[in-house]
Amino acid sequence: MSTSAAATLPLSVISKNLRKVFLSQKTRKIDWRYSQLKAIKKMMSENKDNITAAVKKDLGKHEFEIHQTEIVMIQTELDETISHLESWNKTEKVYSPLHFKPASSYILKEPLGVVLIMSPWNYPVNLALIPLIGAIAGGNCALLKLSRHSYNISKLLHGLLTKYLDPECFEFDCEGGAPYITELLEYKWDHIFFTGSVKVGKIVYQAAAKFLTPVTLELGGKNPCIVDKDTDIKLTARRLIWGKCWNAGQTCIGLDYLIVHKSILEPLIEEFKVVLKEFFGEDIKKSTSFARIISSAAAERLQQLFSMGKVVIGGEADIAERYIAPTVIVDPDLDSPLMQDEIFGPVLPIVTYENIDECLEFIQNRPHALTLYLFSRDQAIQDKVLDGTQSGSLMINDTLLHFTNPNLPFGGIGDSGIGSYHGKGTFDIFVHKRGLVQSTTKKFLDLPLRYPPYTPFSDNVAGKILGSGW
């Protein structure tokens, strides 16, 4: 039996209880929101070492990677939200047209209600807590479904969140599998925030459509990286290897494949070899700076990709230890899973091009990426790529860092997702902007010409008030 509170009661009861608490208006109070945000901050501060150890056990990541993505980013999001919550939540007075006078117009920021958040295993703290922070800031109740694949950190988070947060307003699950998720989607939620694969994202979207439930879908896909001939090969190689090997390539914004100018392919590959040795030593498997794959099954899937092109670097695997070496593949089969499916591992296929138009056509004929990368010092090339492509984000001459900026919207387009978040964007997802017009009851200000019977005079006056479009 699941240890989670969300699994010990029928979902019908959980849904009803959360709805009842929301309707009590408890979560609307700004003091309650601050108290819950500060509780998460306290939880992170008091349990940093335990969180680090649990993530390390699941993914084999170095403490540096864990701290940057699972600790620091949460602290940044909390600080940003706590500092600005009052101003974000403030009612806005907006201009009222002449025919409204003396009425006043406002935009209210109101909670959505009871929301469902479904988080993945690859960044199990970050991708669970940042949406939850937004849901709390917006004044909502929430059910958070943690991934059972990152079992150690999900189990720890389940216990900590249950301890630190208001138990009436939240439910957490860390063990429910596909049947539980299927049942979750049979209930009406006021918003669903899902992070995961395109395949499951489509299932979530279809289920939400039954209730016209709004969704945020943070998906993945194949993120291309263009490497122009006008680039610093040494610096480019360092940033590419760093971006591809962070979390052993298990990153939704990770570069999935390279499109390299034919003239620099060989020197770039040689520089990759130098950088890999510098970063991880002679035996990468022994390096504490290189993470492990989440499961043996995932490692086996990645190993199968080795045969779908020519391996020029790497190609080693230890399935029992969930180890896949950083592997570079040239001449990949374009119709194979290597070039059709999201890789989600340290396997990097390379295709080549000779002119930028050919390169852009290759990208345009594929689903829109969550992130597109470009390495080039040529401003004309940068402009052409920016104007000639669509993607959730575009990063030029570096990798991954855009994800850490709370002032940038993070999200996809098309197959890579719906909606964006981080910073104020996370708050905006979880509130409804409700229009309010407050009119007068003073009879002497009630213009008679608005009422029937209408006359040419009333039509003429209305035209002058409302403008030429009347």
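Backbone N, Cα and C define each Cβ position, glycine as well.
Going by Swiss-Prot, these are the annotated features:
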- Gly196, Ser197, Val198, Lys199, Val200, Gly201: NAD(+) binding site (BINDING)
- Glu218: active site (ACT_SITE)
- Cys252: active site (ACT_SITE)
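Features as recorded by Swiss-Prot, highlighted on the structure.
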residue : record              : CB count, 10 Å
Gly196  : NAD(+) binding site : 21
Ser197  : NAD(+) binding site : 17
Val198  : NAD(+) binding site : 19
Lys199  : NAD(+) binding site : 10
Val200  : NAD(+) binding site : 17
Gly201  : NAD(+) binding site : 23
Glu218  : active site         : 27
Cys252  : active site         : 27
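Sequence-ordered, the extra residues of this chain that approach the NAD(+) site, with Cβ no more than 8 Å from the Cβ center of Gly196, Ser197, Val198, Lys199, Val200, Gly201, are Phe194, Lys202, Ile203, Val204, Leu219, Gly220.
DSSP assigns Ser197 (NAD(+) binding site) to coil, not to a helix or a strand. Annotation note: Cys252 (active site) sits in a coil segment as assigned by DSSP. Rounded to a whole value, the Cα-Cα separation of Lys199 (NAD(+) binding site) and Glu218 (active site) is 12 Å.
In this structure, the CA atom of Val198 (NAD(+) binding site) is 9 Å away from the CA atom of Glu218 (active site). In terms of Cα spacing, the binding-site residues Gly196, Val200, Gly201 that come within 10 Å of Glu218 (active site) are Gly196, Gly201. Val200 (NAD(+) binding site) sits 14 Å from Cys252 (active site), taking the CA atoms of both as reference points. Each residue contributes its Cα atom, and for Cys252 (active site) and Gly201 (NAD(+) binding site) these two points are 13 Å apart.
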